[in-house]
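Chemist: One structure, pasted below without further comment.
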Amino acid sequence: MFFERRSKFYQFSSGGNHYIMGYIKRSFSKENMEEKQVKRKFLKRAAAVALACALAAVSMTACGSDKGGNGSKEEAASGELTMAWWGNQVRNERTQQVLDKYKEEEGTTVKGQFFQWDDYWSKMATSAAGKKMPDIIQMDMSYLQQYVDKSQLLDLTPYIEDGTLDTSNLSEDAINMGKVGDKIYGVASGTSSSCMFYNKTLLDELGITVKDNMTLDEFIEIAKQVYEKSGYRANLIHYGMYMEVYARANDIQVVDKLGGKSAEDYVDYFKISENGVKEGWHISPSQAADTASVEEDPMVYGSNPDNMTWCTINGSAMLTAYQTAAPEGTDIAITTIPSTDPKKSNYVKPSMYYCVSADTKNPEEAVKVLNYFTNSSEAYKILLAERGIPVSSKIAEEIMPLLSQEDQENAAFITDVITPNSSALPPLAPEGTSEAQDLLRKLEEKVKYGEYTSEKAAEEYFNSANEIYAEHQ
Amino acid sequence: MKPTSKRLYKFLNKEKTAGVVFCLPFIIGFLVFLIIPMGISFYYSLCDYDILSPPEFVGLKNYIDMFTNDEVFWHSIKATLYFALVSVPLRLIFALLVAMILVKPTKATGFYRAAYYLPSIIGGSVAVAILWKRMFAPDGVVNSILGIFGIDTNFAWLSDTRTAIWTLILLAVWQFGSSMLIFLSALKQIPKSLYEAADVDGAGKVTKFFRVTLPLLTPTIFFNLVMQMINGFLAFTQSLIITQGKPMDTTLFYAVYMYQQSFSFSKSGYASAMAWVMLGIIAVITFVLFKTKKYWVYEQG
């Protein structure tokens, strides 16, 4: 049986070969096997082989170019630029409109590429490795340091000096937001601040008023009252977002490692949610999922008070998003995040940056686009305050009347509430921050589930987070 | 005739050469898209590599860290094992059950086969994952249906450490279509004569299933088991979209943790090392399955 199979295979293979070779042989059958003919025949066969190889090569490169995607090299050669950002549908549409407008005015085509937050950073990392970063990139505070350290961003200082990037309407603070070391690598797209959102309709019904710059104790008192009267819980310690507020108030900010001398300094942080869940006024993940998604936030989404909250914390620019996600008739209001020392905790932050890639073939043109996104009234008529309150004081004033009610509330909050009662920007996040944040989220979860005591969580956070930071140095 | 060209001519005229030339597209693809990336990934697994800066050789550090200093790694192994070992047998049982029902030809069989196969095609998609998330939300379809039966609840299925992974297992079991199709064709190949002989011996339906159908299906079950087990270990989308590993890492699948390490924490070297460990685990499990084959798989002939 084995033999049979094998001989069959042999027949098949030689038969197949004859068919191919026969085709070539037939065309030469009448000619003599003189040297000349042999040579020609050889050439023809060589050509056939070369063709096969070429076909293979073409099929490979075809696959390759599909994956490679953007062909940014050709674009750079033809003077075209690319710009990448993360965001939502509103931002995609508005930014694309501005790019179209820019083409109309300046004649330079800027191709937009947009992604979800997570995809954006994996895309940027891989394209940076291949030296193919988009010319203009949207940058976040938590990644700026890392990208500067790896020399991925263009130093904008010379362009500011020669006026290509006009910063005359920007305050010193606003310019310094993009400073790393003594060079400027990014322009803030706008300003925002962390804040607390709360269900004003509910609190009004209960006859409870919230004032700005509330202390932590005042907040806990209110949270207890709301829980007793209505069953709604508070959501303060969630998704690792409160740590910054806590650390600033206690002077234990992350510089290149966690601040503070020992785990002791972090026990109080975890105590807030441990006690809160025990006493009932703070939500636990078994009642509602802990999420960073606005639409699924238990403040605006849920079926009854038992799985809903009356407050949450996030960036102030999200007010519109929360108000949109909230059920009809529910008014969402904005206030400062409760803290043991609100003045220390509050700060005005760049909502994000525009940066230019160090790989760009056309830095001059790229910086011009940056300038357009910073100083053009035309651009901001479209963008409005979607990326924060514009840093240019002239533009901010111009667009104010065009803003929606929520955006105006947000702008007023930043200028009237946060700015007068705030302190300096924190140092940029060192590498390893995203991993340490993930650890913090997991520990918060364990404390809320009652798996860990605050002391144990603080111990693990202090040791493991410092290990993570050390590893990334 | 020059001797070199003659030798070349002879070389080109060989069957071997033609064979190699026609295999070339595959060989190049295999090298460029499989072997070389695997080699690179193996090298990275021995390096500190954050994608942005050049890799820095550190030897076995990543592997040692993984086994001695990473609690989450063990959580992810536990979650993945639990998921694969529970969902795969359940899925196969379910697939066999449905195949047994659909094997009898009726007018609507074709429609039912297609309908039951559908989840296999769409089940791995992000859209279905999001749908699943909504279904098990406190005010989702599942709780509404329970409400109809008088169980009024706002239970958060995805937030409870006991139930979260079961929602993912359920989703995996629901995608039984491809196994079902393979079972269907295997069921049809069982000779009628065996059933007739069993009838003559007075065997009932249950006996026939356990004495005839099941033994003859074991090669198919084996094939399905190996394939599904490998898929189970590589499960990614469900965990990433539906639970993100929550609560408390009980649904953090290995592949998701690997993805986080590489793209969220910029530790691609570590992630590469994890990939190689996963390869080892799958190899061991497949090896064990093949070793046990002779005890329970019926080989014809």
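Just so it is clear, glycine is given a Cβ too, placed from its N, Cα and C backbone atoms.
From TrEMBL, here are the annotated features:
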type	residues	note
TRANSMEM	B:20-44	transmembrane segment
DOMAIN	B:77-289	domain 'ABC transmembrane type-1'
TRANSMEM	B:81-103	transmembrane segment
TRANSMEM	B:115-132	transmembrane segment
TRANSMEM	B:164-187	transmembrane segment
TRANSMEM	B:270-290	transmembrane segment
Chemist: List, by number or range, the same-chain residues at least 6 past the transmembrane segment (B:115-132) whose CB is under 8 A from its CB atoms?
Modeler: 98, 102, 167, 171, 174-178, 180-181, 237-238, 240-242
Chemist: What residues elsewhere in the chain lie close to the transmembrane segment (B:20-44), defined as a C-beta under 8 angstroms and at least 6 residues from its ends?
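Modeler: For the transmembrane segment (B:20-44), the far contacts come to 55, 268-269, 272, 275-276.
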Chemist: Residue list, the transmembrane segment (B:81-103) vs rest of chain: Cβ under 8 Å, 6 or more residues beyond ends.
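Modeler: That would be 109, 112-113, 116, 165, 168-169, 172-173, 175-177, 179-181, 183-184, 187-188, 209, 213, 217, 221, 224-225, 228-229, 232-233, 235, 251, 253.
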Chemist: What parts of the chain pack near the transmembrane segment (B:270-290), using Cβ distances under 8 Å and only residues at least 6 beyond its ends?
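Modeler: Those are 41-42, 44-46, 49, 62-63, 65-66, 73, 77, 222, 225-226, 229-230, 233-234, 254-255, 257-259, 261-262, in sequence order.
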